[in-house]
Structure formats: C-alpha cells, structure tokens
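As recorded in TrEMBL, the features of this protein are as follows:
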REGION    344-367  region 'Disordered'
DOMAIN    462-809  domain 'Orn/DAP/Arg decarboxylase 2 C-terminal'
DOMAIN    468-704  domain 'Orn/DAP/Arg decarboxylase 2 N-terminal'
MOD_RES   Lys490  N6-(pyridoxal phosphate)lysine
ACT_SITE  Cys782  active site, proton donor
Amino acid sequence: MAAADIHGSASDLPCPVFEGSEKRLEVDFTLCPSDTSQLGLRAVQRQKLDSLLEKAACSIVSVRSNPHFDAYVLSESSLFVYPRKWVLKTCGTTKLLASVPGLLEYADELGMMAVRVKYSRASYLFPDKQPEDHKFFSDEAAFLEGHFGHIGLSGGRAQVLGDPLRGLQWHVYTAGADIPPHRATQTLEVCMTGLNTAKAACFHRGPDFRGVEELTRSCGIRALAPFADMDAILFDPCGYSLNGLEGPGFLTIHITPEEACSYASVEFCGFTVGSYSPTELVSRIADIFEPRALAVCMSTDATVCDQVWNAELELPPLFAESADRSSVALNIGGQLSYITGVRAPGKEMGSPPGETCAGTPPRGSMHRSLSFASTMSCDTVTGALQHVPPSSDAQSGSASAGEDSDLVSVLMGYAGGNNDLAAVLASHGVVPSTCSSIRANMREKAAAVIAASDPEALDVFYLYDLGVVRRLYAAWSEALPRVHAHYAVKCNSNPALISTLSALGAGFDCASRAELDLVLGLGVPPERVVYANCCKLPREMRYALHRGVSVSVVDSRSELEKSAAMTPDASLLLRIRADDPSARCQLGNKYGIEMEDVPELLTYAAELGLNLVGVSFHVGSGSKNPAAFEEAIFKSRKVFDAAEKHGFSFTMLDIGGGMASCISDVGEVSFVGDFPGAINSALDRWFPPESGTTIIAEPGRFFAEPAAMMATAVFGYRERQGPPGGRPKDYYITDGLYGSFNAILYDHANVSCEPLRSPLLPPVEDAPPSAWSRSVVFGPTCDGLDTVLENFPLPDLRNGDWLLFPNMGAYTIAGATNFNGINVTHLPTFYTYTC
C-alpha cells in the first residue's frame, strides 16, 4: 500500500505518490444447473485466482471466509467471491480490466453466465500514472461494452456523475438485466482525501505500533461494525487494508496515509436497505479520518422514489455548505446517488489538531437487525440457539462459520431430522418457537420487531412462519400422496419460502426467466422445475433448456412451431382448457386448448417430431368446486388415449393449482373444500397407480397464503360523525391497494386485521371488542380507490400503533407497485418457525 511498493524507490519519482482511488468491478452470474455443491465461483481454484490477480497486477495477502462468501485482502485492496457474485476492488496502478477475460473463461468452465455488471471508480488523483487501458473512462467503458454489452437488451450504459469543479467525479458502467431483487440491498462507498495528519499517522508502522487489532479498535474502525469478523493488515512501512464479514454483507477499508497523497475509502456492501442510517454512518466515518474533502456514492438494487432516496443521505454539517449532489436510475435496476463536499475553511471536526487515533471511538454502531433468540417468552429454546448472532441482513440472520454446523445440528430436531430444512432455518437466523399458538407467536414476534426498530425507518414489514410451510407441505403429502407439488413461484417469490419448500422436496412451476434464475440459484435441481408458461418468449425457451429445465407446456400451433425451431428436445405437456366457473380468477379465457382442437394439435406435433409427454390443466386460481378437478382429470384421460393413437406415449399429468388451505391456531391444516377426496378418486379411476403416470400439481396459494402476515403502521386518523353512541374513525396505514393489498382488486381477497399496540408508545387499556368503532382503513396513496377495509371494528388507535393482517402470502407483494413514489415493493421481511 505504500508508494514505494508500487512505483519503485522514492528516488524514482520527484514526489512519491500512491493512487488511492479504487477501480471496482461487480459481476453477477447464473449458477450452473449441474453444480450440486452450489459453490459456484467459490469453486475456482486458488491457483486460478492467483493467475487472474497477477493479470490485474495485485496478489492475495490474506483470506477469510464465512458461509456466504470468501473475502481476500489484496496487496492493492480486496476481492470478494460469492457463489454468484464477484467483487474486485483494486487501487494504485493496477490493471483490473486485464482480469476480465480470465474471469469469464473460468466462469464458462463452471457453466456460469454473466447477467449483470457494474464497474465504478472515482476520479483518479494521479491519472497520468495509470496504465493505458485505465487512463480514460471512455476506453474503460469501451472495453467493458465489448465483454458485457451483449447481456443487456440495449447494451451497457456509461455515465459520469458530479461537477469536476467541485471534487471527484464518479464514473460508472452498467449492463445486464433489470431483475427486481428478492432482498433489496444497498452499497455505501465513502472516498476521502486530505486526511487529518495526526489521524493518518496512525497507519504508519512505528515503534509504538501495538498490533493491528488494537489499531483497529483505537482508531474507531471496529466500532463501525462491532459484530463483523475483521481481517486487517497494516503494511510496511505504511498503509492499511481491512475486510469485515457479517452475514452476506461486507465492510472494506483501504487507507493511504502519506501526506502527499492521503486517501481513505470505506465501503459497506450487501447490507439490507434500512439496516443502517447512511447519514449517520458517513458522519462517523468522517469523524475517524477528518478529511478535507469527501465523496459518497450510495447505490441500491431496488427502485426508490428520488425524493425519498436523496433524503436518506446527507453530508456532515461541516461539508454540507459545499455539497454537490447527482442521482440517476440504473439500467440494471436500482438507483445511484453521488454527493461530494469540502470541509469549510478553518473548520475543524471532532478532534483537535495533533490528537492521536487512540481516542474515543465514534458514537454508536450500525443499527442491528433483530435476533428473536433474545425476545422469546413463549418457550425456552436450547442454549445453543440463544447465541445466534444478530445479522447484517434485516431480512435474516446468519451464524458464523464456526457456529454454523453446530446450529444446524441443533435445528435438526425442530426440522424433523431434515438436514436441508435445518440449513435453511440456520441461514435465515430462524429460532424455533414451541409456543402452542401460531397467532400468539406471530404477534409476539411482530411486537419484538417493532420494539427493536427505529419507527422512522420501519413502518411496514412482512413476517413469515416457516413452520407453517412445513405443516402445509406435510398435510399436502398426506392428503394427496400421489401428487408431487410444484410450487407456483409467481404466487410469492420469497427466497426463504422457496428454500423451505425445496428442502421439503417440492418441485417448482416457473413462468419466466427471472423465476427460473431465482429457483435454480437457490439450488433447486432443474429436473424438479416445470416451465409452465403456455406462450413463451423465444429467448426464454432456449434459456430454460440451457439451464437444464426440459419440461414445458404448449397449447397452440404457434407454440409447437417455436418448440420445433428452438427446443426440439424439450418434453412438452399439452395444456387443455378445464374451468371452474366459481374460481376466484379464471384462466381458461387465456390458456388451454379446447377438446375439439386436440386431435389437430396432436397430428401437427407428430409431424414436427416433437416430444409430447403428457397433459396439463388449471381449473382456475382459488377454486371452490372439487368436481371441476374430477371433470378435468376425465378429459385428460381422453387426451392420453387420443395421443396413443397418434404415436405418443404420455407419462405425465399436471393437475395445476387453485386449491386453498387454512391452518388452525394449533397447526391443524385443512383444504378449503374436499379436493383431496375428489382428486384421489378421479386419479384412481382414470390414472391408477399401475398406469405408471407421474402426477404433479402447481399449488401456489395453498402453501403461501397462510404462511405470511403483514404489519402496517397507523400514521394518520380522523373522526367522522356517526350514529348516537359512536364516532367512526378513518385510519391511514403504510400499505394499500397499490401495494400488497392489490389482491383485493384482482385476486378477490377478503382481508382482515387485528390491532397491535406499539411497544414504543405508552400503554393504554382498550375497550372490549363489542365497543369498538366501525372504521375505514385507507392506504397511503392519494387515490380514493385506495381503501383496504370498510365498516371494520377497531379500537381507538394512535399514530404509531399497528395493524396485523394474517394470510397475506399469496398474490400480494408479487403484484405491488410503487405508485405515488411510495416504496411498497421491497419490504423488510422477518422469519419465525412455530414448531
């Protein structure tokens, strides 16, 4: 990290300098379908990593790992390797771009493809010292476009933010798909120049050096992330690098302390939006280094209203007067905000000149997400579970590498001996509850989340009970033993829900490339996935087959022709129309061939030489009539027989979804309607076990609906004139019909709620429910249509109290929008597990 390390001896240059500004490359990949280890990029051998980094003109100094990723301290900055993500950050005169061809070659050897890329850097402090490929951003962008431009629908995009007259500019190149994240994260990068001389002096090796751990603590860096696993290096004669690992997130710090070129960078990456206050964190970082100038880049993979997004980040007061701000939406999804500032002349920060770095660390630390291990009163959990550490991910927790296997062992008992399920619970920091009441456990967990959160930062969230998912899957398997459930991902794409169902043995019904990437990326074998969209984009047809998903669905001549041209080896199910007129949502008007058209399509498929293997149908979402399944199964038998006359030998029947479930407070599951009786009877008659037919189904709401509860804060109310003895109220909550309650409109959902008094407000005694007022509950937008409940009994609520909505797992957040710029599509999510 010292100048002489890169540029030779001091005598080689009139003024020895070191380029602190880092180049940063982040690439996301798909996982190979046949990679059963799910290691992805983490499987790249060390010698290959060394070769890549040699091309970039840097080398590995130290490595630290956790269950999520490997973190390498380099001779010039850092490398982070996840199964699907590569983040390389290099400073000095390194040649980062020279490593790109090798990276793509190694990824290709692993069967992985790049799907998103972001390259960024601040202005160079000494641009004339850079190698040729990095001197000009236009050349860097052209190189990147040549290697990654093809992964975006319209190529990549190169942008420069900031005023060159008012500090460092920010250069960013992006390319790839705009896929909404399932865990919205943000990256905060702080670049500082002109460090306080006394502060910078701490990062020189001298006679008073007492070890890198003591240095990290005394200068205040440890306090930035007190629970992180930190790997720090103090170089000789000077320079400092640190990687901090905390769950799936990382902290990385690099310091060039020489007075002629003093520079420091601090980055927090992979932490969930809302897990820390960017403004507060930047202020604490500035306190540590007391720079003359700083530049801050904050980016997220979620779409956020500009006004809300920009309000998240402000510079410390001494820099605010000169602040210059730029903000841009990224073509790969998400936003980026860049702000620079120079300390006001003559103004000093927290420490007087000459004070050493052994003083008091900066105030506070990152907002910690909640671990339920310390908030449970319904039960006493095994001692080992009480030490689940808080996670950097507001949606989940994670054990450290040393504790992970022990935690999984303990969780095995709660997971019914299912090691895969125990691993899912461990990865999401789920502490099982043996509380006898599902409702009581959910209320308690919701109250604990609220009590541990900043009301300014958290006003709406989801809470999932993964134990409910396990009970539902067990009930399905018992009631329909011949029918293998393939969960309909479109219903709710929550990764923990999908991982739980996968661990229990479910298959999956996907209808888009994004859903395929999600499911396969979570480790589901492709043979357990059906691409169940009847009308597919050609590129997605090829992509599904490339990923190993061979079973798809057709219902028209057009689709047969596309299959023959692009995926002739695919296994195809012929979808027939079979409607339940009483279903919540009709599907037959769009998909499914009429019975009278079946012979023609069978003939055409035979002429094209296609591999038809069975029949599928869907009676409609939210079906209420079991007889609809009996009729559809009978029709399917007719198609099987007709197919045999055309030379096909059908072996698979997909009976679709549409069934709903309910679960009692003590965990007893029932179908809404006697669907198992009707389905089993029809299958035994028309497809008896000896036929050898594989039977699958595509339930969505059955597993998702009862598993999730939504909590919304009350932020406004008004009284209305009412009948004698009652003054009804209108309440305003933080989600509505444009968010998760869109299900009221298009899924015909009947929602209900129960009040939860905020633990952050003074306690009050409620009137008995019989005395509650009939109230109206409005969503947060300015549209009068945004009405969630009408004539619903509620007690007198205050701003800051909450409403809990059960059964919110199906077709809710999946259809949400950010109307009015109100972000209700990426919400904080927490998990519990009622045993």
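Using N, Cα and C of the backbone, Cβ positions are placed for all residues, glycine too.
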Cβ packing number for Cys782 (active site, proton donor), 10 Å threshold: 9
DSSP-derived structure type at the residue listed as 'N6-(pyridoxal phosphate)lysine', helix or strand or else coil: helix
Distance from the residue listed as 'N6-(pyridoxal phosphate)lysine' back to the residue listed as 'active site, proton donor', taken between C-alpha atoms, in Å: 28
Confidence summary (mean pLDDT) of the domain 'Orn/DAP/Arg decarboxylase 2 N-terminal' (468-704): 93
Secondary-structure category, per DSSP, in which the residue listed as 'active site, proton donor' falls: coil
Cβ packing number for the residue listed as 'N6-(pyridoxal phosphate)lysine', 10 Å threshold: 18
